[in-house]
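See structure below.
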Amino acid sequence: MAAMAAAVASSPSPSPASTRLLRGHHPPPSCSAPSLLRLTRSSRRLRLRAAAAAEEADVLPGPGAEGEMAAGGRLEEQPEGPIGGSQVDIGGLAFQGDMGGGGFAGGSGGAGAGGGDGNKMLDRGINTAIVLGASTYALTKLLTVDHDYWHGWTIFEILRYMPEHNWSAYEEALKTNPVLAKMMISGVVYSLGDWIAQCYEGKPIFEFDRARMFRSGLVGFTLHGSLSHYYYHFCEALFPFKDWWVVPAKVVFDQTAWSAIWNSIYFVVLGFLRLESPATISSELKSTFWPMLTAGWKLWPFAHLVTYGLVPVEQRLLWVDCVELIWVTILSTYSNEKSEARNSEDASTSNASNDNSI
């Protein structure tokens with residue numbers, strides 16, 4: 001026994017590594033089950049954490065209230081009204097963003113504004129050409145009245161005899177064809193009077209309404225020149241006396257009967273040329289008849305003291321047409337402001353009815 005104990009005591013003790021090796025090769029039965037359970041639980045926790053991380057990565061916060069979430073990989077549902085920029089609908093999907101929409105819209109607006117500016121420039125160019133062409137033609141006719149006799153003339157002689165010879169040419173035209181000469185003078189005067197009226201209303205000098213000026217000139221050419229020619233001869237036959245009271249009597253007759261007739265003719269014919277209905281023309285004539293008649297009393301009685309007292313009957317229309325440049329401005333303003341006011345009122349009524357229907 002003592003020898004065995006000494007042998008055991010003298011034998012070397014096993015090292016820790018060998019002990020672990022022996023345990024690894026021969027694990028105790030009671031230790032294997034808990035290790036496997038811990039591994040299974042650890043792997044399950046890792047899978048759960050991975051799934052949770054995947055879900056967190058797959059869920060993005062939306063633009064709405066706090067806590068709203070939108071599933072990743074899908075486009076967010078857009079609000080009904082656009083927030084900003086442009087909205088494009090492709091295949092049922094709405095894409096909200098700038099996408100150059102502002103630039104495109106600005107380009108469209110710029111194109112529309114450019115088109116309007118182009119039309120305005122074209123109208124201005126046409127009006128300028130009309131004014132310059134008519135002025136050049138008139139000045140050329142006045143300056144070249146003696147061109148058949150210019151041989152050997154100096155510039156001073158041409159300018160000296162030009163007024164006298166133009167007056168002689170006018171008197172010759174009155175003898176040859178008095179009605180046509182007076183019609184042409186009245187047509188020019190009524191066109192210029194309407195142009196002056198438009199400038200007085202605030203339009204730039206080369207942005208006048210050509211149709212309106214043409215209508216006024218047409219009335220002056222076709223009606224005023226011819227009717228005035230016969231009226232002044234009728235007035236002389238109506239008052240054949242040479243007494244002092246004849247001139248005031250002619251002025252009173254002119255500013256009551258003739259002015260009322262002519263103002264009505266001018267207003268009605270312009271209304272028909274504007275394609276207005278008879279009812280509209282009648283109502284507007286009633287509202288402007290008295291103001292137009294009384295407005296003439298501020299100008300014509302003084303002018304007609306010269307007309308019937310000093311000017312010969314054949315020359316009266318020329319003097320009257322010179323004063324008409326002022327009077328046509330008044331007439332045209334009265335006539336057209338009523339039409340423009342009515343058009344504005346109709347447009348406002350139409351817009352209001354459209355808004356109510358919507």
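From the backbone N, Cα and C atoms, a Cβ is placed for every residue, glycine too.
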* Which range of 1-38, 115-152 is region 'Disordered', per TrEMBL -> 1-38
* Asked: Can you say which of 53-80, 81-108 is given as region 'Disordered' in TrEMBL?
  -> 53-80
